[in-house]
Amino acid sequence: MHHPLPPDDTLYDQVRPILWTGHFLKLLDQRKLPFVVEYVECHSSEDVTQAIRTLIVRGAPAIGIVAGWGAVLAAREIEAVDGIEALCKLEPALQRLHAARPTAVNLAWVLARMRRTLSAAHADWRQVMECEAESIAREDLTANRCMGAYGAALIPIGSGVLTHCNTGSLATAGFGTALGVIRDGIAQGRIARVFVGETRPWLQGARLTVWELQQDGIDATLIADSAAAHLMKSGQVQWVIVGADRICANGDTANKIGTYQLAITARHHGVKFMVVASAATVDMDTVAGEAIEIEQRDPEELLGVSGVRTVAEGIAAWNPVFDVTPGALIDAIVTERGVIQSPDAAQMRATFGN
């Protein structure tokens, strides 16, 4: 398949949240954005596990990439004559990394890839692991640029778009998935208006996405999550563009909580709905969305904003982090392998196998 070349990503891609120094990992602390730009150093796999669990790093692709470097750091703590022995000794650390955020399939995919690489490695297994982690990050950036071009091509000139959560450079190796499509659409003059939902309770849209777009000089308008239906009714939005943490064999898609209601609202108003994610996010072993484990986080996250409590004491809260959008509500799934319009199990199988 021909891969169209997107515009120069250096114009609209200024943020890098993951920095490997050759000795340790530096992660942009996304809990403190937009007011504090601070990097956290990870010197061990346990540091990386904690960074994933506590949302220093977030976004399915970024979590996977960071887990790869976590495996590299774990390798610094053991001795082994070859990859097979190393794999046996590293398995507990790999399992801890996997347990840090269970919903995102990229995390499991990267760790499985590191296991395969190790099992074939010889005495140079440490170097092989580091090369593999570098390849994973490089491939993600290449895939994002490709997806940006594919997705932007679907958007008519002069369109308005709405996005949810953060799917840009902060959530990936760079450029972004859904936000990469928006960057490309802006560069091509296809997108005239960008709206961003605030994305409670962690406010990834309000804290991260509008800040990231601001770094690139892209104007964006923030809305309350509850304003999305009214916005769509006004006719200012032609596409909703979101990322994914897991895409099932039938096109059902797990993504940040609130995505499902956007898809329902978009269908009612005749607004198109696009999911953008790398092929690594596709899980052909999971038949449908009902089988996806939905992460539940501490209800305390819902009881305040930025550490300031806004709810009376003694109030219960329900805090699922993801929901599942049925494939039937999705107009297009965009990966680096191309576009699947009106996705179903047959089309998914034709593109991704199984």
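Note that Cβ sites are derived from N, Cα and C of the backbone, with glycine treated the same way.
Going by Swiss-Prot, these are the annotated features:
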{"type": "ACT_SITE", "residues": "ASP245", "note": "active site, proton donor"}
{"type": "BINDING", "residues": "ARG58, GLY59, ALA60, ARG101, GLN204, ASN255, LYS256", "note": "substrate binding site"}
{"type": "SITE", "residues": "CYS165", "note": "site 'Transition state stabilizer'"}
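In this structure, ARG101 (substrate binding site) belongs to neither helix nor strand by DSSP; it is coil. Rounded to a whole number, the distance between the Cα atoms of CYS165 (site 'Transition state stabilizer') and GLN204 (substrate binding site) is 5 Å. CYS165 (site 'Transition state stabilizer') sits 7 Å from LYS256 (substrate binding site), counting Cα to Cα. Of all Cα pairs drawn from ARG58, GLY59, ALA60, ARG101, GLN204, ASN255, LYS256, which the record names as binding substrate, the longest spans 17 Å. The Cβ centroid of ARG58, GLY59, ALA60, ARG101, GLN204, ASN255, LYS256 marks the substrate site; residues of that chain outside this set whose Cβ lies within 8 Å of it are ILE63, ALA104, CYS165, ASN166, THR167, ALA171, GLY243, ASP245, VAL321, given in sequence order. Counting in whole angstrom, ASN255 (substrate binding site) lies 5 from ASP245 (active site, proton donor) by their C-alpha atoms.
Around ALA60 (substrate binding site), the same-chain residues six or more apart in sequence whose CB sits under 8 Å from its CB are ALA104, VAL105, ASN106, LEU107, ALA171, GLY243, ALA244, ASP245, ARG246, ALA277, THR281, listed in sequence order. In three-state terms derived from DSSP, ASN255 (substrate binding site) belongs to an extended strand segment.
Sequence-distant contacts of LYS256 (substrate binding site), defined as residues of its own chain at least six apart whose C-beta falls under 8 angstroms from its C-beta, comprise HIS164, CYS165, THR199, GLN204, VAL242, GLY243, ASP245, VAL321, PHE322, ASP323. Applying an 8 A CB threshold to same-chain residues 6+ apart, the list for ARG101 (substrate binding site) reads ILE52, ARG53, ILE63, LEU107, GLU295.
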